[in-house]
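A short worksheet on the structure shown next.
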Amino acid sequence: MIDLRALREDPDRLRASQRARGEDESVVDRLLDLDSRHRAALARFETLRAEQKSVGKSVSRASAEEREALLNRAKSLASEVKSAEAEAEALSDELTTLLRSVPNVVESDAPVGGVDDFVVVEEVGTPRQFDFTPRDHLELGEMLGAIDTERGAKVSGARFYFLTGVGALLELGLLNLAMQRAVANGFTPMIPPVLVKPETMDGTGFLGEHAAEVYHLPADDLYLVGTSEVPLAGYHANEILPADALPTRYIGWSSCFRREAGSYGKDTRGIIRVHQFNKVEMFVYAHPDEAHEEHLRLLAWEREMLDLIEVPYRVVDIAAGDLGTSAARKYDCEAWLPSQGRYRELTSTSNCTEFQSRRLNIRYRDTDGKPRFVATLNGTLATTRWIVAILENHQQEDGSVVVPEALRPFVGQDVLHPIAKK
């Protein structure tokens with residue numbers, strides 16, 4: 001949720017953010033109008049309430065002649081106070097609802113535009129020139145006995161799969177390597193619940209424009225998470241953290257679930273776009289003044305992991321119109337996929353500033369003793385999709401795949417060889 005005080009002081013900043021996102025600027029004027037009306041209604045309620053208390057005290061001291069008039073006024077004030085309170089509460093609810101519908105204010109130097117207007121920050125490595133026609137990850141996965149989408153569909157439906165044999169070992173190796181790296185960098189490992197309450201899902205900003213992506217269990221009124229960012233953000237809801245505890249860094253390992261609504265016909269082959277996958281996610285509570293630098297650190301840790309799996313990748317600065325509701329700035333790392341001849345996202349890291357903490361009421365105690373909202377940040381350190389990039393970039397002509405050196409202790413093999421299909 002955006003900062004109402006900051007909006008009053010600099011409404012043009014939100015207008016510029018809305019323009020950059022391609023969103024409606026008029027919401028700024030509606031917010032200011034509602035805020036003004038709410039404050040006026042609140043002032044009227046407080047004035048009437050003060051008068052009501054004063055009249056109540058005066059009745060006991062009044063003469064017989066004065067008492068009747070005071071009692072009549074007290075009766076009238078009771079009705080007026082009730083009406084004024086109801087008006088103030090209604091305007092407060094309307095203002096809060098509108099505030100919660102507005103996306104985070106983007107950083108001023110974020111690229112302007114939509115999904116195709118990202119800026120390439122850097123390209124790392126050179127896409128390999130094959131002297132044979134490279135196979136895609138699904139063909140390789142089937143040859144290696146690593147991926148079984150046919151039985152996944154039989155058991156669960158489209159966009160489900162089994163990781164089998166070396167496929168399971170590759171994923172476990174990736175996730176374990178990511179956890180090891182994160183712990184070495186000062187993160188506390190967490191295995192969070194994957195079902196959360198509505199207030200937690202909404203507090204992180206995933207029940208707005210992303211609501212169609214989320215699995216809901218109506219009988220229990222719980223939501224399946226699409227990322228461990230959600231439970232990790234809710235972990236300190238309604239708490240005040242000591243300033244000297246910041247940054248507080250968590251690394252979460254969880255299964256993730258996404259409906260992939262609106263993606264009909266996209267990435268139907270293989271395991272690039274699926275309903276269930278595993279992910280290791282970094283999540284940080286930081287001092288707002290240090291959030292920008294912390295964001296760059298998260299990006300650097302993502303890049304270290306990508307360097308370890310030895311695939312060509314690029315870093316892109318996502319345009320404002322393609323940012324999620326909660327993000328003020330986002331960087332993606334995209335790996336080269338030989339079978340598609342293009343880069344595909346493997347990681348993302350977002351600076352959500354105080355947007356989520358304001359919705360979840362997460363604060364820190366500043367040096368002056370006053371509670372202030374923390375900044376929250378997140379970043380992917382490994383996920384199932386990385387297997388796609390590893391198989392395709394490290395494949396050999398016979399269908400074998402060279403295992404990146406960093407993963408060999410986990411997989412137990414230097415090279416994965418095709419097996420006879422069962």
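Cβ atoms here come from the backbone N, Cα and C positions, even for glycine.
Taken from Swiss-Prot, the feature L-serine binding site covers THR227, SER228, GLU229, GLU281, THR380. In the three-state DSSP assignment, the secondary structure recorded for GLU229 (L-serine binding site) is helix. Close to GLU229 (L-serine binding site) in the fold, though at least 6 residues off in sequence, lie THR204, GLY252, GLU281, PHE283, ASN378, each with a CB less than 8 Å from its CB.
Secondary structure at SER348 (ATP binding site), as computed by DSSP, is strand. SER348 (ATP binding site) counts 21 other C-beta atoms within 10 Å of its own C-beta, drawing on all protein chains shown. Among the features that Swiss-Prot reports, ATP binding site is placed at ARG258, ARG259, GLU260, VAL274, GLU345, LEU346, THR347, SER348.
Take the CB of THR227 (L-serine binding site) and look out to 10 A: across all protein chains shown you find 23 other CB atoms. Each residue contributes its Cα atom, and for SER228 (L-serine binding site) and THR347 (ATP binding site) these two points are 14 Å apart. A separation of roughly 14 Å, to the nearest angstrom, links the Cα atoms of LEU346 (ATP binding site) and THR227 (L-serine binding site). Summary: among the binding-site residues (ARG258, ARG259), the fewest other C-beta atoms within 10 A of the C-beta are counted at ARG259. Taking each Cβ in turn and tallying the other Cβ atoms within 10 Å, the top scorer among the binding-site residues GLU281, GLU345 is GLU281.
Spatially close to THR380 (L-serine binding site) yet at least six residues away along the chain are LYS279, VAL280, GLU281, MET282, GLU302, LEU346, THR347, SER348, THR349, judged by Cβ distances under 8 angstroms. Local packing around the binding-site residues VAL274, LEU346 was summarised as the count of other Cβ atoms within 10 Å of each Cβ; on this measure the leading residue is LEU346.
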